[in-house]
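See structure below.
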């Protein structure tokens with residue numbers, strides 16, 4: 001929409017909403033992810049168990065968008081290799097007008113197609129006449145989509161740490177390619193000044209601006225600017241996709257780490273659209289029509305630039321095919337990073353909840369992840385048929401129709417969790433940020449509701465068999481709510497203990513916020529007189545695999561003298577503390593050993609010398625059942641695990 005007027009004016013609305021919406025959302029979601037050390041489903045489950053379904057619904061909607069995103073990347077994979085051909089394959093097409101038969105089918109009449117647009121629709125996609133004539137799969141699209149999901153699998157194979165290591169390599173390479181393409185574009189394209197001027201500035205002669213209004217104020221009254229900006233924030237940056245809490249789980253819960261991460265993320269939101277726009281602007285001629293691809297409902301606006309305008313410029317000025325190859329390679333690298341982050345976030349939320357039967361069948365996590373990516377590829381395959389573009393339009397157009405409802409409902413757990421947490425900020429600061437977060441969510445929801453009422457609801461995707469397409473679109477739109485919200489609520493109530501009434505009460509009962517482990521966050525600003533720094537700091541002197549747990553009361557049951565048995569529950573301390581010896585093979589680093597000494601052999605210990613003790617438990621498996629008794633000490637401190 002904004003390209004019809006001026007990208008420069010669009011930037012004003014984008015950065016205004018960046019301050020009003022992006023700023024509080026990024027900080028609150030990052031902070032709660034760092035505090036709870038869980039992704040969005042885990043955060044909602046602890047804050048308000050019944051709301052877990054809304055987190056699941058947001059994940060389903062994100063997964064739907066990830067499938068269509070993979071399809072768009074597969075288009076870039078094909079064009080990357082097609083750019084190596086000389087002459088360019090789209091240069092062989094002729095400029096034609098749509099026939100009357102085609103116009104009746106697609107609801108667009110008298111649209112002038114370009115050679116690049118005709119190549120994309122007819123030769124590349126081999127699009128069927130209408131959505132009812134289901135055609136076969138396009139074999140090279142299948143190979144391209146398979147390549148995309150293989151790349152995603154390789155990027156997230158080693159989990160979050162592996163993803164970070166891959167980004168250390170991919171991100172600098174992408175930055176170098178952006179610099180190379182930008183320099184080449186401004187040096188090789190003759191009319192890049194015209195493109196810049198037409199893109200950034202509006203021709204005021206075409207509009208009658210009232211004398212009582214300023215030029216900027218007049219154009220800012222157009223809703224298209226604000227709706228495009230909201231779309232970029234909500235969908236491109238993923239404010240409600242679940243990625244922000246996921247990123248927060250990988251940072252330390254202290255003021256410096258959270259603020260630094262928030263600043264870096266905000267800087268990415270500020271500069272990334274500008275950098276990408278500057279890179280591709282010389283290759284886009286605003287005077288050149290983009291045909292059917294720019295006019296059809298549900299097609300993202302950027303696709304017409306990538307697969308119509310840019311190919312036209314390279315053909316018109318006989319630019320280097322190698323540079324076009326690098327441009328599409330940059331497009332693939334940028335989007336693979338974006339897609340991999342979202343798929344990794346979904347994967348980290350899903351796989352811990354899988355049934356044990358599934359885990360036992362696949363045995364190894366990489367195999368299970370490969371199965372997940374293969375299923376995602378199979379779900380992408382319907383888009384790879386000759387009717388795939390119609391299905392893509394329906395999904396993109398309908399899947400987010402009820403997103404405004406998800407935004408409104410999902411803001412409740414985030415606000416509750418942020419206000420009730422006891423670290424980093426005083427209560428008045430947390431209340432202020434919570435109100436700002438709620439206002440930002442409501443503003444975004446109002447824009448989405450307006451877009452739904454004015455632009456989305458009255459408009460259909462295709463005219464042929466419109467009722468069938470409408471019903472399919474509404475099913476896609478409602479499915480996240482049904483699959484996520486209802487099933488999440490049922491699962492929450494089913495997994496709780498007690499009568500049905502007790503389960504319902506527990507499902508709406510607010511959970512206790514976690515207490516951060518870092519020394520800087522141990523001082524509770526709510527209680528003030530509860531200093532938790534001493535127990536916290538004593539635990540961080542030991543490695544993660546030998547975390548020491550302060551206890552106050554020793555249970556009557558005893559722990560095995562030699563080695564603990566797998567799948568059995570023990571207490572850390574037996575009654576006779578002074579007679580225990582260190583397990584013989586601890587010094588050799590045997591991970592299956594159990595240290596029965598309450599101090600792990602690090603300091604002298606007697607049962608009567610201090611009112612509490614330390615113990616270290618090592619288990620052969622990743623999970624162990626530990627019984628902990630927490631009690632206030634005589635001096636007012638609290639010892640905790």
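Cβ atoms here come from the backbone N, Cα and C positions, even for glycine.
A TrEMBL annotation is a machine prediction, not a hand-curated record.
Fair warning: this is a prediction, and the values are worked out from it, not measured in the lab.
As written in TrEMBL, here are the features:
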BINDING   334  Na(+) binding site
TRANSMEM  6-28  transmembrane segment
TRANSMEM  40-64  transmembrane segment
TRANSMEM  137-156  transmembrane segment
TRANSMEM  168-189  transmembrane segment
TRANSMEM  262-284  transmembrane segment
TRANSMEM  322-347  transmembrane segment
TRANSMEM  367-384  transmembrane segment
TRANSMEM  390-419  transmembrane segment
TRANSMEM  431-453  transmembrane segment
TRANSMEM  473-494  transmembrane segment
Same-chain residue ranges lying at least 6 outside the transmembrane segment (322-347) that approach it to Cβ under 8 Å: 39, 59, 62-63, 65-66, 69-70, 72-73, 76-77, 79-80, 83-84, 148, 151-152, 155-156, 159-160, 163, 167, 170-171, 173-174, 177-178, 180-181, 184, 188, 238, 241-243, 246, 276, 279-280, 283, 306, 310-311, 314, 369, 372-373, 376
Contact ranking winner - 6-28, 40-64, 137-156, 262-284 against the transmembrane segment (473-494), Cβ under 8 Å: 40-64
Spatial neighbours of the transmembrane segment (168-189) far in sequence, C-beta under 8 Å, 6+ residues away: 155, 195, 275-276, 278-283, 313, 317, 319-320, 323, 326-327, 329-330, 333-334, 336-337
Top Cβ-contact partner of the transmembrane segment (431-453) among 6-28, 262-284, 367-384 (pairs under 8 Å): 6-28
Chain residues in Cβ proximity to the transmembrane segment (262-284) (below 8 Å; excluding those fewer than six residues from its ends, i.e. six or more beyond): 7, 11, 14-15, 18, 22-23, 26-27, 30, 178, 181-182, 185-186, 189, 192, 195-196, 199, 232, 236-237, 244, 247, 305, 309-310, 313-314, 327, 330, 334
